[in-house]
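Per Swiss-Prot, these features apply:
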type     : residues      : note
COMPBIAS : 31-50         : compositional bias 'Low complexity'
DISULFID : Cys76-Cys93   : disulfide bond
DISULFID : Cys239-Cys301 : disulfide bond
DISULFID : Cys340-Cys399 : disulfide bond
DISULFID : Cys344-Cys373 : disulfide bond
DOMAIN   : 321-416       : domain 'Ig-like 2'
CARBOHYD : Asn46         : N-linked glycosylation site
CARBOHYD : Asn57         : N-linked glycosylation site
CARBOHYD : Asn62         : N-linked glycosylation site
CARBOHYD : Asn92         : N-linked glycosylation site
CARBOHYD : Asn100        : N-linked glycosylation site
CARBOHYD : Asn131        : N-linked glycosylation site
CARBOHYD : Asn203        : N-linked glycosylation site
CARBOHYD : Asn208        : N-linked glycosylation site
CARBOHYD : Asn269        : N-linked glycosylation site
SIGNAL   : 1-30          : signal peptide
TRANSMEM : 432-451       : transmembrane segment
Amino acid sequence: MWLPNLVRFVAVAYLICAGAILTYASGASASSSQSTPATPTHTTPNLTTAHGAGSDNTTNANGTESTHSHETTITCTKSLISVPYYKSVDMNCTTSVGVNYSEYRLEIYLNQRTPFSGTPPGDEENYINHNATKDQTLLLFSTAERKKSRRGGQLGVIPDRLPKRQLFNLPLHTEGGTKFPLTIKSVDWRTAGIYVWSLYAKNGTLVNSTSVTVSTYNAPLLDLSVHPSLKGENYRATCVVASYFPHSSVKLRWYKNAREVDFTKYVTNASSVWVDGLITRISTVSIPVDPEEEYTPSLRCSIDWYRDEVSFARIAKAGTPSVFVAPTVSVSVEDGDAVCTAKCVPSTGVFVSWSVNDHLPGVPSQDMTTGVCPSHSGLVNMQSRRPLSEENGEREYSCIIEGYPDGLPMFSDTVVYDASPIVEDRPVLTSIIAVTCGAAALALVVLITAVCFYCSKPSQAPYKKSDF
């Protein structure tokens, strides 16, 4: 009887132990799940990139290489460079793989471009630049052209493609090299543009490329000249915008007082470009006089210079024209002097200069103010005298009113006088001859009268003595 009871005891004990084990395992699992959150699992995709010949490499999103994978890239320190005109620029570009001549070919190109991709913000410039090259693509460097270099330190230059090869310092040819720096010695209109580093596989397939955009600028110099004018003539001024870059980067406007001047009616423009590529623009305004204006207006030249598409600077200069009354000048000969009379001249700042046969004489003149100009307030009349030349012959005596600003016509007058003795004695001789002829004529008249009177008396018979 004891054997069946033993079997029952063992079975019950087994069940109790099994239940305890399951309960413990369940509690441990629940405790673990509460104290440590489960970490979600992400699947990292593989990104396929451009490869060299015979490469099946891939790079995942975390930047780590998968088995048998490698990304081939070209990296430059800067992608946009903007510097002042004539400044040097260093561009440092590297490849992620060594450029072995048997596997790769690296080339550097220059795409000559203007800085404005769309419509230029400035005015159109009417000039012809015979020295400029059109927008084109130039090959500067190629690892496949190692034997065409002609100058030490200038390796890789493709001959006859650039006007001056010394514009650049090019990379050295190194088997398996990864560094391909390029230096522009002086940035100007020839060297501004987009520089492209391109890596090709042996079969000519483009592996990768990158670009660096280089732009340059030069701020303009603004000069305004307000021209003097005579009363009743147009107001004139000239604005010179010199040595600026880029092309079509200046917007110019004229203002009379605060009102903008009609560009098509009253403004003329001319532009020129120098061999260095800098532009100079000359703008001239000529505005008719408004008789209703009481005062002379102010003329202002204002420019907006765009260094690039997003930034600009405004520069302006203004001035008021000086208006003068044209004087009346006349020269005459009086009492052995040449006399110059100038009417309606400024009371200060002007004077008379003489010339004899276009030469300045050494004889001083005597200048004096003779009164005020009745038709123009603030102006005076003046007179200058100088002795006539004692030399024989014909002389031109010119009187010039000096002191007026440049831009006005010359105010002068000229008289011709001959001081030869024959010419000087001719009036006396003429007088003597006239008196003599007059006296002779008078004597002849008296004689004729006497003869006539004598002949008109009646004749009488002779008397005889016996008649007495």
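Heads up, the Cβ atoms here are built off N, Cα and C, so glycines get one too.
Note: the CA-CA distance between Asn100 (N-linked glycosylation site) and Cys76 (disulfide bond) rounds to 20 Å. The least crowded of the glycosylation sites Asn203, Asn208, judged by other CB atoms within 10 A of its own CB, is Asn203. Here Cys399 (disulfide bond) is positioned 38 angstrom away from Asn269 (N-linked glycosylation site), judged by their C-alpha atoms. On the 0 to 100 pLDDT scale, the domain 'Ig-like 2' (321-416) averages 91 in this prediction. Less than 8 angstroms from the CB of Cys239 (disulfide bond) sit Leu222, Asp223, Leu224, Ser225, Leu252, Trp254, Ile282, Ser283, Thr284, Val285, Cys301, Ile303, Lys317, each of them six or more residues away in the same chain. In three-state terms derived from DSSP, Asn203 (N-linked glycosylation site) belongs to neither a helical nor a strand segment and is classed as coil. Looking at Asn203 (N-linked glycosylation site) and Cys76 (disulfide bond), their Cα atoms lie 25 Å from each other. Cys344 (disulfide bond) sits 74 Å from Cys76 (disulfide bond), taking the Cα positions as reference. Cα of Cys93 (disulfide bond) to Cα of Cys340 (disulfide bond): a span of 81 Å. The Cβ of Cys76 (disulfide bond) lies under 8 Å from the Cβ of Met91, Asn92, Cys93, Trp197, Thr210, Val212, each of which sits 6+ residues away along the same chain. Look at Asn269 (N-linked glycosylation site): DSSP puts it in a strand.
When Cα-Cα distances from Cys373 (disulfide bond) are compared across the recorded positions Asn208, Cys340, Cys399, the shortest belongs to Cys340.
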